[in-house]
Amino acid sequence: MAASWRLGCDPRLLRYLVGFPGRRSVGLVKGALGWSVSRGANWRWFHSTQWLRGDPIKILMPSLSPTMEEGNIVKWLKKEGEAVSAGDALCEIETDKAVVTLDASDDGILAKIVVEEGSKNIRLGSLIGLIVEEGEDWKHVEIPKDVGPPPPVSKPSEPRPSPEPQISIPVKKEHIPGTLRFRLSPAARNILEKHSLDASQGTATGPRGIFTKEDALKLVQLKQTGKITESRPTPAPTATPTAPSPLQATAGPSYPRPVIPPVSTPGQPNAVGTFTEIPASNIRRVIAKRLTESKSTVPHAYATADCDLGAVLKVRQDLVKDDIKVSVNDFIIKAAAVTLKQMPDVNVSWDGEGPKQLPFIDISVAVATDKGLLTPIIKDAAAKGIQEIADSVKALSKKARDGKLLPEEYQGGSFSISNLGMFGIDEFTAVINPPQACILAVGRFRPVLKLTEDEEGNAKLQQRQLITVTMSSDSRVVDDELATRFLKSFKANLENPIRLA
């Protein structure tokens, strides 16, 4: 044995004898021989029972964003039995923000795909695959017993014919004189009791079958003309008395409600009274959750201002002559970043206990995609030039629409901008994206005639290109006065592009 250590041996055989994976064999073999071992040594690689084969490396569903709770396996990029190296792309995972590639962290062979591609709603930490060391029998690898199966997942299935819609039809019942079939308004009940009339002798015309005061007055008129007579209730059949429950004893008289067909029922598309369920993606569910939380927990305040784009459009035309293509939205991003630098009190967030001033100026730009609204980030926007901002917006927008955004490209941000001007919207209000404190909603620029004065003081009409911007702010950290001053400074910066240099 001493000679074998001195003369050397097959590294793979050495690994099998000691019981450690090859990539970790150097440090761990030293520990087995009594040499110093760092505290970070991973002792899970000792195998007392399977000393001729190492345990497989588990591939777990990772957390790829702060808000991610589950993910979908879009596609496996490696097949079972295929060799992988650290850094190789294993599969594509759809998170709550984008489709992200999961890379291998170890060398070896992909032995088993536990969760097939197309599986959805896989919880974080669930086992999705196994990797074994090179040279091991990957075909007979077993799923570790200490890892249970992942929670139920929804896999793509063949469309099944929807059941025929079932519509409830009121069943005609024999009416017992003296009983009420309608819900009565208080005024109608008083009139009927006063004149000893029964609502069943008339017709309910109120919404959802309510017998109204007007319906009761019609019955009184019919009684006065002799067309109907007083209603005398027929004694109900004798029933064995039972002790009423406390709830029944305190409850007032109840009247049966009219049977109303359901507004919609699951069924075949285009059928009357049916609907089609639309599966929600992870992105759509997270957007719905976060927007609901924002509107219900963040006190929104709004401030609006009109900005003259005359100078911006002139600068933009000059840049086009030099083959520099930038949009009005790029100027808006730059103006917002410069204003945040001038007013750091607005560059804040709410962390649950109090305000927190942010040391960076990262602008989140809303981008519409097929899967929902995403907000890639223009980092350090105040230090970037207009052309740099334009290039960043184009690149990030394309990645967002292709579902290729990296987590660091959409996580964070200190201020958001949402522009619907390209859709012909004049103005709107946007929902704050927590923990950010503000979002700026931008409408389209439109021609407006304004009365101005020339150099000689003569009044004249001039056409101006105006846009309306509305800032939604978190009143807990940005009050109305601060929001107003911010918009005033933003307007001045945008209307004078030289300030953005």
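Quick reminder: no glycine exception, Cβ is built from N, Cα and C everywhere.
Just one residue in S196, S200, S254, S281 has phosphoserine written against it in Swiss-Prot, and it is S196. K97 is the residue among K97, K384, K491 that Swiss-Prot labels N6-lipoyllysine.
In Swiss-Prot, the feature N6-acetyllysine is attached to one residue out of K75, K194, K213, namely K194.
The modified residues listed here are K97, K194, K394; among them, K97 has the most other Cβ atoms within 10 Å of its own Cβ. Following the DSSP three-state reduction, the secondary structure of S196 (phosphoserine) is coil.
Ranked by Cα separation from K394 (N6-succinyllysine), the modified residues K97, K194, S196 are led by K97. In this structure, the C-alpha atom of S196 (phosphoserine) lies 67 angstrom from that of K97 (N6-lipoyllysine).
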